[in-house]
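Data first, discussion second: the structure below is written as structure tokens.
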Amino acid sequence: MSQFPLSRPRRLRYTSSIRKLVSESRLSVDDLIYPMFVLEGEGQVEPVESMPDVYRYSIDKLVQEVAELVKLGLHVFALFPVTPAEKKTECASEAFNPFGLAQRAVKALKAEFDDITLITDVALDPFTIHGQDGLLDENAYVMNDETTDVLVKQALSHAEAGADIVAPSDMMDGRIWAIREALELQGFKNTAIMAYSAKYASSYYGPFRDAVGSAGNIKGGNKKNYQMDPANSDEALREIELDINEGADMVMVKPGMPYLDIVLRCKEEFGVPTFAYQVSGEYAMHQAAFANGWLKKDDVIMESLLAFKRAGADGILTYFAKEAAKLLKQQG
Ligand code: PBG
């Protein structure tokens, strides 16, 4: 028996300088994608009740807010329109209106800022009366191929407005290929696709549905026959592989923290640009704990985001992006 431990891992934790030297992952402001909610009207800034510090902005206010965010170093934004109830229909035609809210928001931001990246959500739930992500048949089943046709029109309208990345979050089969083909044929060869490849039928999306006003009306109550079963992991790899083969430039896993095993497997298996979405419910539960003084806000935000990097994510969609950008700036 030796007089001392054979190895002392604590040596490499002895000073802050040494800890930094051996640190394996790092969070940068460039890793952060800020999801933002867009409203009709002018001069409107509305809080989202279940998401403290998250607001819905009319386009003029959105432009002002993005100017602030750009100063903090953020440059990638994911836009989610809040569709007025009177514009929702069974067939979601507002989704591909060239003068729709998302399309106008993209144009306004692109006119104002040179070096930002805009990601638009391709899915029909903000535009359908029934709150499902696609068109329904007579049994209220989401029809795959008919829905894909509408998603293609929606993605094209986003590209036409100037979106850099379209992000299908609908989980229809074959939609990545259909969208890629249409973008190529219409001359949008540099519009990228971020596929929500492994999107689970999660209960963590509740506050988001409040934010965009699609919560109360989901016909059938859930999205389990198109979004994935939280029990499955191999299936996520099959979904990701399909999307890569269909032309996805980057893939996403969603939700985030409860699904970091999927992020890790995705990165190890495919080595493609891999993103994860720390979703609204994850945000809400953190905020609830901060508000109660049960968790320490700044430290926990940074730890939660660093965990995504450690798992292999190249970037994170997070409602904490603004807060994290401030903290990163403070840390220098
Ligand atoms: C729409 C969409 C959802 C989210 C992003 N895009 C909701 C859903 O699928 O019901 C959730 C994001 C979040 O919870 O933060 N298809």
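Here the Cβ of each residue, glycine as well, is placed from N, Cα and C on the backbone.
Caution: TrEMBL annotation is automatic and unverified by curators.
Features as listed in TrEMBL:
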type	residues	note
ACT_SITE	Lys199	active site, schiff-base intermediate with substrate
ACT_SITE	Lys254	active site, schiff-base intermediate with substrate
BINDING	Glu239	Mg(2+) binding site
In the chain carrying Lys199 (active site, schiff-base intermediate with substrate), residues 6 or more apart in sequence that have Cβ under 8 angstroms from it: Ser169, Met171, Gln227, Met228, Met252, Val253, Lys254
Cβ neighbour count (within 10 Å, all chains shown) around Lys254 (active site, schiff-base intermediate with substrate): 23
Tertiary neighbours of Glu239 (Mg(2+) binding site) (same chain, Cβ under 8 Å, six or more apart): Ser197, Ala198, Met228
Glu239 (Mg(2+) binding site): secondary structure state under DSSP, collapsed to three categories: helix
